[in-house]
Structures are given as structure tokens and as C-alpha cells.
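Chemist: I grabbed these lines from Swiss-Prot:
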- 10-20: compositional bias 'Basic residues' (COMPBIAS)
- N100: N-linked glycosylation site (CARBOHYD)
- N128: N-linked glycosylation site (CARBOHYD)
- N153: N-linked glycosylation site (CARBOHYD)
- N274: N-linked glycosylation site (CARBOHYD)
- N355: N-linked glycosylation site (CARBOHYD)
- N372: N-linked glycosylation site (CARBOHYD)
- N461: N-linked glycosylation site (CARBOHYD)
- N507: N-linked glycosylation site (CARBOHYD)
- N554: N-linked glycosylation site (CARBOHYD)
- N566: N-linked glycosylation site (CARBOHYD)
- N585: N-linked glycosylation site (CARBOHYD)
- 466-486: region 'Fusion peptide' (REGION)
- 654-699: topological domain 'Cytoplasmic' (TOPO_DOM)
Amino acid sequence: MNPSEMQRKAPPRRRRHRNRAPLTHKMNKMVTSEEQMKLPSTKKAEPPTWAQLKKLTQLATKYLENTKVTQTPESMLLAALMIVSMVVSLPMPAGAAAANYTYWAYVPFPPLIRAVTWMDNPIEVYVNDSVWVPGPTDDHCPAKPEEEGMMINISIGYRYPPICLGRAPGCLMPAVQNWLVEVPTVSPISRFTYHMVSGMSLRPRVNYLQDFSYQRSFKFRPKGKPCPKEIPKESKNTEVLVWEECVANSAVILQNNEFGTIIDWAPRGQFYHNCSGQTQSCPSAQVSPAVDSDLTESLDKHKHKKLQSFYPWEWGEKGISTPRPKIISPVSGPEHPELWRLTVASHHIRIWSGNQTLETRDRKPFYTVDLNSSLTVPLQSCIKPPYMLVVGNIVIKPDSQTITCENCRLLTCIDSTFNWQHRILLVRAREGVWIPVSMDRPWEASPSIHTLTEVLKGVLNRSKRFIFTLIAVIMGLIAVTATAAVAGVALHSSVQSVNFVNDWQKNSTRLWNSQSSIDQKLANQINDLRQTVIWMGDRLMSLEHRFQLQCDWNTSDFSITPQIYNESEHHWDMVRRHLQGREDNLTLDISKLKEQIFEASKAHLNLVPGTEAIAGVADGLANLNPVTWVKTIGSTTIINLILILVCLFCLLLVCRCTQQLRRDSDHRERAMMTMAVLSKRKGGNVGKSKRDQIVTVSV
């Protein structure tokens, strides 16, 4: 094949470009998602610059390095898409969209948590065994086992010291505590028979017998029944431990550092030497299993305890009462007995039985306390929403008032498998937050105002159709009112089912009256009801806020208030601290902001929604009344009389002019008729005399 033939068979380049152009054009128009509706507020996006793409690549690379994910093209693309979606979902800073309207909004129950502090009220903690541990019981926890142990990273702030349990600064340390009941015996060699319970509790930092200002001070002593001076006797049922709250003679200190001072007035029973009546030196040192370094070992391996001395053994700090810690510095808060129910469930409790015997050695009385254990009871403690437990390496920073925890777990229950190498932080859902939100229209209280405003924008420019359009608007408002009335009827129909509720309540009343004891299933339902009441209390507080606020009509999940967001007064860093839960001098002043918002809402509540717009329409209609024009000139009798005379004169003048015009019109009509008659007779007057023609014209 010669070169000329090859050149003739080769396709021309220009034709190839022509075939490729339609394909490129179609590729430019191809989309991978549904076509989105273009709104009036939609703006054309600028193409990304090289600097933006470079920055996005750097952020994606940094994210993959932090998460230890291999950098592949697929992972880089996913990381970039995640960063873009996160940036798009972030709140728009003030000034980014000058055409938008920014107002303060109250968001109830956002997906945020805060730490439970020592100033909060005690929470409900449920145990699965009411025989050995007092308090509400529930053996059907957790409610959602598949969600237990979900991983979470937290970084939240606090105002008052948070409640934390574990071996870490700012947390209450665990320890083993004993509770003992006594049974007197008549045996000559046995003085007493003991039944003792050992379990996990809260460790005191200072020995309660040492002289300490907080211990001997009655300033923080709670009101309650004093602990008995005698050891509680055994109850009728030997398998039940009877708990009775009491106040000891002195307090123990659980924590005293930069995080605050926490004390407990519950009794801390342990054996000590009774040196009363002894002539020789008698050591009054205490002997307590709580000094063991390994907590689990003290409860698992030590199944036999023996105490021997030449001096009689006595049990100090009588009383079967649970710890009730409270904070007294830097602030004074309520007692929190629920913390012990969480701690005691972290390991099984051990049941002891034994006695104290008396024998003679070297011609001296010799006392021996012998305790043996062969029974352990596993426990489980749970909390319910809106409360949760964050378990992990919790770090509390008092300088910045922040709490951080990486790779922590969210739990609602604690059992004997818990490892005290971790810490427990009590958290709860946030009741509500204040954030600025942007809108593409001004704030409006009701849809009627919105409808009326949109219609009046066109009405004011077309005054000829004003009355008809106003009637249409009023008919639209009536339709809205009718819809609300129909909804009220439907609600009334639902309320009529209260008869069924009454019948059900009567049946349940008979059930409660006829039932002698409550089984565990009903007890669980009661606990759920109690927790629901607590949750509903938070909901009612949120509803109270929303009732006090005048909100925009087009939002239902949260409330957009009429208070305009001022960036110079509340910059975004203050809002960010508020979202984190930090409350310091730089944080958003919520109380002051609430006062401003409530004042703005009160100003809008002075008028019924739509009254201002309807009043403007009424004023416009009133201006069309000519009577108002007369009233504006004057209201005296003389002026009114002059005006009446002027009106009569004008009326008379109009009548005279009308009569004159009518006469002129008659003359014109007669002349026209005469001219018409003459034109018809123009050819028929030739044979007549001149006299007859004159007569005809005169006629």
C-alpha cells in the first residue's frame, strides 16, 4: 500500500473532533442524582479554586493519619466527602450571608450530653436484688442490651464539680465496707454471734477517729435519726438485711482537694479494742478489711477472718446505713445516696457469719472473733434515660473546666464484671440549648401574617383590585380557622376516650386493693413510671420555656424567637462554649439572654397574631372614608354650617348647569330634525310657489 492510499484511508482529524463533541456535551449534562428544584434564594456556586482543593486534600490526609487508615484513592475521596459534608452542615457564621435574617432559637433536647454535678438532684439507680441492697429494684435492665458499650469520644464542660467514680483525680475512690448485726448468746464461751456483709463502697481519705475540722463540725450535719449506740439485733428473717438510714456521730472525708471537699455522715463500722476499765496499755487501733490494697482479692480470696486479742472486741460506728456523700466546698449540694448503689454492684457482696469467743490464756481472758464466708451475691445496678454512664479513661481538667474521654463506652448498667481500672462519669441529656439560626425571610408569628404580607405586597401596587383581594385573603383566614376548628373537634373525639381510662383505673384500683404484695414485674413498671415522671418533668420545663416564647410559625421541633442575633454582643466562641456545657466568665450569659428574649416575646404577645397587619389594613380602609376627611378639617358648628352651604351652592350650581345643558341639547335636536326634513324634500318643491316653500321652511 502506497502512502497516498494510506493517507486516503486514514480518517480525517476534523471529522473525529466532530464526532467527539456531542459525547463531551452529553457528559457535561450528565448527573448522578435527581434534579433539584431551584429556589429564589439559590445562588450560583463558584467553582473550587486550586487552594481550596489543596486544603481539602491536606485535611483528608490529616484525618486518615489520625484514624490510622491507609491512604488510598478511595479512602481519600471518602474523607474529602466527609469533610465537605461536615463543613456544609456547620452553622453559617454571621456576615456570610448578608441577605439572611439571624435570630436566637431554643432547641429542646438536642443530641448533646452534660455531666451530672454534685449540685444536681439525686438520680434513680435501680438494683436487681432488694434483699441485700436498699432502693428501687428492676431486674429487666438494660432496656436495649444491643446498645450497651457503644464507643464515644467526649469533650464537655462543667460549672460545678462533676460526679465521678474511680481511681483518678476528681473521682471518689472505691473501698470495701462492712455492715454487721449482732445476736447475743448464752454460751459461757461465746459472747456474740455475728452476721456481716462486705461490699464495695466509697473510701474515706481520713480516718474518722482523727481530729479534723470537718469531722467534728456540726455545721454540715444533716437532719436525721442518730445511729444507735447498740449493734442492731438480728431480724426475724435471717436472710434479710434490714437497712435503716441514720446519722453518725462524726463525718468522714471522701475527697478534699482542688476539685472540692466531699464528706459522708454514714456510719463506718469496724472492730476495735474496748479499753474501758483496763489498767494496762490498751491499743485502740482499728482492724478493718478496708485497708487491703487489692479490692477484688479482699472479697474473693479472703473467706476466713480471725481477730485475737487480750482485750474485748467492740464494733464501732453502729448502724446499718448506706453512704450518702455530699459536697460542702466550694459549694454546698444535696446528698447523693445513689452513688453507693453503683459502687456496690461493681463486685459481688460477701456474706459472713461467726462469733466472738472468750477463753483463758496465761490466766488472762483472751478474745477471738472468728468469721467465715461461703456465700456471695452478684448484683447489678442500672440507670435509665435521660441518664447514662460514660466508662473509660476520664480526665477532669479543673483549670479549663472540661472533661475529656477518648474511646469511652456508654453504659446504663454496672455489674460484677466491672474493672476498676476504668472510671465512671455520670452524664445526662441536655435539656435545651440556645443557638443562632439563619432564615431567608423576616421572623413571623403566624402563617396568617405570612399569607397576608405576601398578598399585600401585590395588593398595594394594584389598588383597583384591593377590595376583591382583601375578601380573598379573609376567606383564606377563615379556611385556616375552620381547619383549626376541625382539629379541635378531632381532639374532642379523642378526649371522649377518657371513659375507657376511668374504667381501666377502676380495675387497677381493685387490683391494688386486693393484692397483698407487688411482684417484680409490677415493680419494674412502677420504676419505669417513676423514671417517666422525671423525664416528663424535663419535658414540662422545656414546654414552659416554649410557652413563654413567641416562636416563628414555620418551625415545630424548636423555637425561633424574635430576638435578633447580634454577633458583636455574643460572638460565636461564646455559643460554642455554651454548646460544650462550659459556664465561666467567657461563656454565654444564658440568664441575661433569656430576659432579653422573654422581653422581645412579651412585646409580640401584647397583640394577637395578625393584629398588627390587620390593623394596618383597617387604617388603609379608614382612609378611604370621606367622613374622616371632613373630620380632619374641623368639628365646630360654624365650620360645619359653612361646609353645608358650600355643598348646597355647589349642588345648585350643578343643577343650573345641568338645566342649561339640557336646553342646548334640545335646540340641537330640533335643528337636526329640521335639516333632515329639508334634505328629504329637496326634489319635491319645484312645482310649488315661493310662498309655499317659505311656509314649509317655517314649519
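Glycine too: its Cβ is placed from the backbone N, Cα and C atoms.
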Chemist: Whole-number answer please: how many Å between the C-alpha atoms of N274 (N-linked glycosylation site) and N355 (N-linked glycosylation site)?
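Modeler: On Cα coordinates alone, these residues lie 17 Å apart.
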Chemist: Across the topological domain 'Cytoplasmic' (654-699), what does the pLDDT come to on average, as a whole number?
Modeler: 67
Chemist: Specify the count of other C-beta atoms within 10 Å of the C-beta of N372 (N-linked glycosylation site).
Modeler: 11
Chemist: Going by a 10 angstroms cut-off between Cβ atoms, which of the glycosylation sites N128, N153, N274, N355 has the sparsest surroundings?
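Modeler: Sparsest of the glycosylation sites N128, N153, N274, N355 by Cβ contacts within 10 Å: N153.
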Chemist: Please identify, among the glycosylation sites N153, N355, N372, the one with the smallest Cα-Cα distance to N128 (N-linked glycosylation site).
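Modeler: Nearest candidate: N372.
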Chemist: In angstrom units, rounded to an integer, how far apart are the Cα atoms of N372 (N-linked glycosylation site) and N355 (N-linked glycosylation site)?
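Modeler: Checking the Cα atoms of N372 (N-linked glycosylation site) and N355 (N-linked glycosylation site) gives a distance of 9 Å.
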Chemist: How long is the line from the C-alpha of N153 (N-linked glycosylation site) to the C-alpha of N355 (N-linked glycosylation site), rounded to the nearest angstrom?
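Modeler: Here the two Cα atoms are 51 Å apart.
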